[in-house]
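A.B. asks: Take this structure, written in structure tokens, and hold onto it; I'll ask about it next.
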């Protein structure tokens, strides 16, 4: 039998470029003109794909084997890459192909880009994304917030206007039931609050805890917002459906802000309102050791003699919870109160 004729290794063609994305490039090499593979793998031609390092201008191997296709992954968008094919014969002889240059594509617009534009207050990018029609305007981020919620919370009034003009739903809620109006009220962004109200946001919406926008505004402590809300028709003694607390009760429990309490009381808030457990704002302020608020509530007519549904009054609460300053204040106030004449 005649020995197999050894075909000299010719310089291969550069890899053929297949599918290109923003993070991958497909390369394959044409073997149609070569003899069909026969015998054990060690007698086949071996292929290597090498990628150029643009800084060092040398090449590194990113694939080696007997396949005729390779997908290069983990690439950067809109970046030029240079590759060459190395073909090695069983005898160790090798040849390099000419270099092929390929650029990855632009990264497709996603909801992440959309939310990133809102987060950093990038008006131009937001407009480009919306004009391109690549994303739904109400798509939530990973925390369940729509773009409008984020813009409202951060006080980005221009972005709020852009999003509303592009059809966003002002009454959508996040996972805890808060809408954009509640978030803007809590953060104190009056311009955003006014604009949301103008475009259909409701004072009557409640979160999962039963709180309204005024409850959240009271927590936030921004008096200009609270003042405008009340003038716009907010019910000053609106009760949450969880604890039965009014905004004044929230102040007594959370911040102890005298300014917010004064504003609510001046607007007609009931200083002796009771929650589901029979507690008054004064009792809650005592329990939370808000000394100055206790003083204010007493000055505004809070009744220090009432008991909750368990028969406990503010003096007993102050003693049990060791609220010494508040206790002194209450006892001093009690001394000054006129004694009631006994009725026979």
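Quick reminder: no glycine exception, Cβ is built from N, Cα and C everywhere.
Dumping what Swiss-Prot says about this protein:
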DOMAIN    11-108  domain 'Fibronectin type-III'
REPEAT    109-139  repeat 'ANK 1'
REPEAT    143-172  repeat 'ANK 2'
REPEAT    176-205  repeat 'ANK 3'
REPEAT    209-238  repeat 'ANK 4'
REPEAT    243-273  repeat 'ANK 5'
REPEAT    277-306  repeat 'ANK 6'
A.B. asks: What same-chain residues lie close to the repeat 'ANK 1' (109-139): Cβ under 8 Å, and 6 or more beyond its ends?
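C.D. replies: Sequence-remote neighbours of the repeat 'ANK 1' (109-139) are 146-148, 150-151, 154, 156, 158-159, 162-163, 166-169, 172.
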A.B. asks: Using a Cβ-Cβ cut-off of under 8 Å, list the residues of the same chain that are 6+ residues beyond the ends of the repeat 'ANK 2' (143-172) and lie near it.
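C.D. replies: Residues 114-115, 118-119, 121, 123, 126-127, 130, 137, 178-181, 183-184, 186-189, 191-192, 195-196, 199-202, 205 contact the repeat 'ANK 2' (143-172) from elsewhere in the chain.
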A.B. asks: Please give the sequence-distant neighbours of the repeat 'ANK 4' (209-238): residues at least 6 beyond its ends with Cβ less than 8 Å from one of its Cβ atoms.
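C.D. replies: Residues 176-178, 181-183, 185-190, 193-194, 197, 203, 245-248, 250-251, 254-255, 257, 259-260, 263-264, 267-270, 273 contact the repeat 'ANK 4' (209-238) from elsewhere in the chain.
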A.B. asks: Can you name the far-off residues of the same chain, 6+ from the ends of the repeat 'ANK 5' (243-273), with a Cβ under 8 Å from a Cβ of it?
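C.D. replies: Residues packing against the repeat 'ANK 5' (243-273) from afar: 210-211, 214-215, 217-219, 221, 223, 226-227, 230, 236-237, 279-282, 284-285, 288, 290, 292-293, 296-297, 300-303, 306.
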A.B. asks: In the repeat 'ANK 1' (109-139), how many residues does DSSP call helix, how many strand, and how many coil?
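C.D. replies: Each residue of the repeat 'ANK 1' (109-139) counted once, the result is 19 helix, 0 strand, 12 coil.
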A.B. asks: Let me spell it out: take the repeat 'ANK 6' (277-306), skip the flanking residues so only those 6+ beyond its ends count, and list any with a Cβ under 8 Å from a Cβ in it.
C.D. replies: 243-244, 246, 248-249, 251-253, 256-258, 261-262, 265, 271, 313-315, 317-318, 321, 323, 325-326, 329-330, 333-334
A.B. asks: I'd like the per-state residue tally for the domain 'Fibronectin type-III' (11-108) from DSSP, helix first, then strand, then coil.
C.D. replies: 3 helix, 47 strand, 48 coil
